[in-house]
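What follows is a single structure, written as structure tokens, with notes after it.
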Amino acid sequence: MFRQSKKRASSRKNFSVTDGEDGQLILGTSSASEKKLYDSIYASKLSFYELPPQGEITLDQFEVWAIDRLKILLEIESCVSRNKNMKEIEAIIKPHLQKTMPFNMDNLEAKKKDYYSHFILRLCFCRSQELREKFVRAETLLFKLRFNMLTSQDQIKFVQSLNLPSLQFISDEEKEKLKVQLYQTVSSQLQFQLNLHDETQREAYFKREKFIKLPFEDVIELVGNRQVFLRGGYAYLPQFQQLNLLASEFASKLTQDLIVTQRNLPQLNEDDRLLPILQHLSSGYTISDFQPDQYSKEDGDITANSVYSADIAQHYPLCVKNLFRGLRENHHLRYNGRQQLSLFLKGIGLSADEAMKFWTNAFTNGGHITVDKFNKDYRYNFRHNYGLEGTRIKYKPWDCRTILSKPRPARGEYHGCPYRDYNVEKLSNDLAQMNLTKTQISAVLDSCQKTEYTIACTQVFEYTHGSASSRASEDQTHIAHPNLYFERSRLLQKQQPSS
Amino acid sequence: MDESSREKNAIKTPSASDMQYYYQHMFPFKVIFNWLNHSPKAGRDIINREFAMAFRSGAYKRYNSFSSVQEFKTAIEKANPDRFEIGAIYNKAPKERDSLLKTEMKPLEKELVFDIDMDDYDTFRTCCSGAQVCEKCWKFITLAMVVVNTTLKEDFAYEDLIWVFSGRRGAHCWVSDRRARILNDLQRRNVLDYVNVVRDRNADKRLSLKRPYHPHLVRSLELLKPHFAKIILEEQNPWQDDNRAFETLLPSLHDKNLIEALKKYWTENPGRSSRDKWNDIDLVASKDVKVNKKQDYIIRLRECKADLIIATLYPKLDIEVTKQTIHLLKSPFCVHPSTGKVCVPIDANFSPDQAPRLMDLQKEMENNGNNINKTTLQPFINIFQEHVNKIMKHDMGTAKRERAEEAKTSLEF
Ligand code: SF4
Ligand SMILES: [Zn+2]
């Protein structure tokens, strides 16, 4: 890779917290010593990220690596908000990991990328308690996912490398004495987490299982949902739940480190090259990776007429349905609405010619606007969006972030995002009409309440596409683009056996 | 019944001067001070402790703190609040808050607290309504105390806990073990979730708890079961009312056909008692179910009934109070502004009419030459004092152990 501007982004000044000496920095890094370092860090495949990174990276790498990791963390965050369980999250995240953050292989670049990107994001997310909690939650989940992807030998090797305070397994006598309670506690986990559906299987597993006894505070997240047996202030943790222990260790270490990083952050502000990047990363960055061209348009079945047909319209997200509703009622849309809809339609494959037909029709069929007036006042605008007029820029369909950043719709305007702009009643009504159940509706409203509009939208997508979208093979990532909503919905329908 | 009429006739709510008198002559400031301090010598736990005062006018003054018993007593006497509440121990004294940046004030510790209020039992309570209580419905609270105590002691190994009457129709539990005091919010939330089994108060859905029951639930069910027939089926008898039975009994059953059959039967035979209806469930079920599925069906039905016992009798906690370290809760020995009853420490033998009233206490004082030792309040103060002694002893033990630990580890290096 071409090193444009070399920057010791890794210098201990930025990352280290304990001393300001440059003494330990590996200067003039030979890739051999670098390789040795990262090989040793990743000897057991995973890392607790205990030492600050060393070596040099370019500004480009700095940004790209951080963004790649950030996307994964945001995707995880979205899964959590949508109440996905571990298995579902794994199915969603794994392909992403393989694509941008592969691990568990002998590749220096991949190791460095993992290590650096983690530390760069620490800088972005250490600034407030809220950001810290978010980061810790997502990183801890990522850690769990990766741990689960290791072979059991590697898992053991990793655990040994951590030097955790030695785990106290209970004696056979103690297990025998508590066997009724212990079995009551783990039986449903064996069934639902380890898929042992048969009672005798579960009993056999239980017989072999070892239990760790530790203060309940150490596995506090298993206490609330009664996943551990408690007695005398101790929790009895089955070994198959050990990962939770590691995860809570990971989380508490990271939380402490982030606080220290925050304290040391002012030093970093001197560096004016990094700051804008960090700012960009931590300020409401959302995932919208959507590339319209990623979906083929060869069918050519999107026309001025067909966009009204149920066959096509059933795939529109709520914002688009809302725009159509406004257009039909008023035979007109104000500027922002026109932009939002026309670029969306362009994105789903409505050609420039068909678009002119569509808009002329929609505006003139109410009788208020003549074709002449349309040609005079509006035609230019639509042609412009197709890059046929003026600066000839090819405008892209708006993603949800863009949509949400425009002024909110005033009376008689229809742009924006219904999950933000509708009142509770209207939204519940619309959702009920889409056949969502009461609980589903209240889950969506919850997300809206938390201002997580794209999550609400993704939930609606999942609820309305039911079993089809929960097939493990499907792409279930977060939806943050109306065109993605459309394309994915169509794709699912096409894959559906026609029966 | 007679309680409410007595309340109407005889109770005048305590006036400002009644409260003044109480703070001046009766409130056990020293006991409360030591209780919150966990040690006889004033330290951080009390000096940095937040108190809030609530006034008749509705005004609420937060961030008071006191560094000595004298200061504590003088300040309360002077402000003469209706009641005052106890909050967290901070890293700085709350009274200095104005001179600090808001972000500098950090809550560190507080007792773990639980709050149970009769309101939450109204779905199954028929003997009284609203703010009223009687001996019958107080049994809900007593049972709740037993279950929570058992859980906190056996599962979490907490020892230093005390229950305090809230002055009208509820009770507060204060856990003073050091290990409980230092819980952070996430930990509090989890302890709460562990203890709090019945989250939905409406009973219009099935509880459907996971099977097999977690040992905590197995034990709780064993504690509650013996009281179900008497309290629910006999005394409260909520399902004699057919509509109530449709709304809060039937939704707990697992089988649609059974629900329909029962609905029909009870519509044709209205007003059957709760006990009859409880038995009808089994009778109708055994008639209607095909033999080949019977075994399974009976098990499911028994599970539904177990869930129902939990739904009616399991402690119903006010979760907000427990969730956060910074949350405030009324101090023991305050006087309830509308009943005039003192918030005294209680156990499973208590019933609300045993709580001394400020009015009566004032008379007692008049008659015995202002000797508080001879009042009916004193025994409660003694109980509380004993509790405080126990806490101080435990805390001293822990402090010593910790110092010894430290000495040991520092030797190793
Ligand atoms: S979240 Fe995006 S796609 Fe969904 S309705 Fe809002 S703007 Fe449209
Ligand atoms: Zn009553």
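Every residue gets a Cβ built from N, Cα and C, even glycine.
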- Task: Given that TrEMBL annotates A:Cys319, A:Cys400, A:Cys457 as [4Fe-4S] cluster-binding, name the residue from A:Cys126, A:Cys417 that shares the site.
- Result: A:Cys417
- Around the recorded [4Fe-4S] cluster site (A:Cys319, A:Cys400, A:Cys417, A:Cys457), other residues with Cβ within 8 Å of the Cβ centre, ordered by sequence, are A:Pro317, A:Leu318, A:Ile403, A:Leu404, A:Pro418, A:Tyr419, A:Arg420, A:Tyr453, A:Thr454, A:Pro482
- Counting every protein chain present, what is the number of Cβ atoms, excluding its own, within 10 Å of the Cβ of A:Cys319 ([4Fe-4S] cluster binding site)? 26
- Query: Across the domain 'DNA primase large subunit C-terminal' (A:313-486), what is the average pLDDT of the model, as a whole number?
  - Reply: 89
- What does DSSP call A:Cys417 ([4Fe-4S] cluster binding site) in the simple three-state scheme? coil
- Message: Helix, strand or coil by DSSP: which one applies to A:Cys319 ([4Fe-4S] cluster binding site)?
- Response: helix
- For A:Cys400 ([4Fe-4S] cluster binding site), what is the tally of other C-beta atoms lying within 10 angstroms of its C-beta? 26
